[in-house]
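Listed in TrEMBL:
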- K35: active site, proton acceptor (ACT_SITE)
- K35: N6-(pyridoxal phosphate)lysine (MOD_RES)
- R130, M304: substrate binding site (BINDING)
- 235-364: domain 'Alanine racemase C-terminal' (DOMAIN)
- Y256: active site, proton acceptor (ACT_SITE)
Amino acid sequence: MPRPIQALIHTEALTHNLARARAAAPDARVWVAVKANAYGHGIERVFQALRGADGFALLDLDEAQRLRALDWRGPILLLEGCFEPRDLELCSRLGLWHAVHREAQIDWLAAHKTHQPHRVFLKLNSGMNRLGFRPQAFRSAWTRLNALPQVDEISFMTHFSDADGARGVEHQVRRFIEATADLQGERSLSNSAATLRLAGDARVRADWLRVGIMVYGSSPDFPTHDIAHWDLRPTMTLRSQLIATQQLQPGDTVGYGSTFTAEAPMRIGIVACGYADGYPRHAGTGTPVLVEGVRTRTIGRVSMDMLAVDLTPVPAAQPGAEVTLWGQGPRGTVLAIDEVAHAAGTLGYELMCALAARVPVLTV
Ligand SMILES: *Cc1c(COP(=O)(O)O)cnc(C)c1O
């Protein structure tokens, strides 16, 4: 028998979550971000469930090729644009739309030989200070692009730094509107957080949403709001089994570094899951976990291949008992990936992307 750990990808949940993005902004088109191999889910595994999207957004040209190999004929957007001039050849061949965020990318386009002019998304740095032209440089970038025979339609995009938090997006929206005023073209601003929290604002939802994390069943503004609040469903489950149990006496410790000491007699279970499977090593004692669908907590340090759980709430659990590390448990139970991430000081994004290659994945 193989080691009992397994990941599940839930196709119905993916479709449901995509519908939630549509419902939040019914008149906008939807890019689904499938970068990082669909946030760790696997592009090939999510494709059928998400093919109702209007387009797919990603960074990696290999991933764009994989989408075309699945026979996706619709729009694909390269969120970081081209990395070197010859990437434009692949854009021409595969019909990829690409972001233009710096001058060199315009130079490469000007030198590119193509029969089909390219659709580009000119990116404004409205305050994130990662990619994009600053407002003062935006007009001249547009003027250059607009004069190129290699360029077809020019659309506009920017990315929010604080759509999930207190600072909000107003300062960035204002810069975007000012920089793009009286320019013709489609616009795209919103990530998942802006879509869920702010898409009532027509300036924010614009023509194209760009949603990632919400489609993968993680709340973009956890712990302020959880997936139940946003009516999102877990799309990735990490599950395993107990492979041993231990009866502890007061004073007994658990695991490397003896970071947990039993104060009273207690039973613990050992789970076949560790950081080499993608479970976060920084999740300390108390991280939520389900055993047979019953919520309990981890105990002590996570090791490479194992972790320990408190069996107090599930006294009958024996080796072989089902353990849900995150996602959908038995009998309709749910443990949001956000709760585990929060306990480990990280985000659902990181955990799903870090699912280890050694974990067998089943699409259900
Ligand atoms: C990843 C990404 C998104 C999607 O962000 P989520 O927070 O996952 O919704 C949108 N836009 C850009 C530019 C991105 O890189």
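Cβ coordinates are placed from backbone N, Cα and C, and glycine is handled just like the others.
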Worksheet item: What average pLDDT is reported by the model for the domain 'Alanine racemase C-terminal' (235-364)?
Response: 98
Practice prompt. May I have the DSSP-based helix, strand and coil counts for the residues of the domain 'Alanine racemase C-terminal' (235-364)?
Written response: 22 helix, 49 strand, 59 coil
Discussion item. Counting other Cβ atoms within 10 Å of each residue's Cβ, which of the recorded positions K35, R130 comes out lowest?
Written reply: R130
Fill in: Distance, K35 (active site, proton acceptor) to M304 (substrate binding site) (CA atoms, angstrom)
27
Worksheet item: Taking the Cβ of Y256 (active site, proton acceptor) as the centre, how many other Cβ atoms fall within a 10 Å radius?
Response: 11
Practice prompt. Whole-number Å only: compute the distance from the Cα of K35 (active site, proton acceptor) to the Cα of Y256 (active site, proton acceptor).
Written response: 36
Practice prompt. Tally every other Cβ atom lying within 10 Å of the Cβ atom of M304 (substrate binding site).
Written response: 12
Discussion item. Return only the integer: C-alpha distance in Å from R130 (substrate binding site) to Y256 (active site, proton acceptor).
Written reply: 40
Response to the item:
DSSP output for K35 (active site, proton acceptor) maps to helix
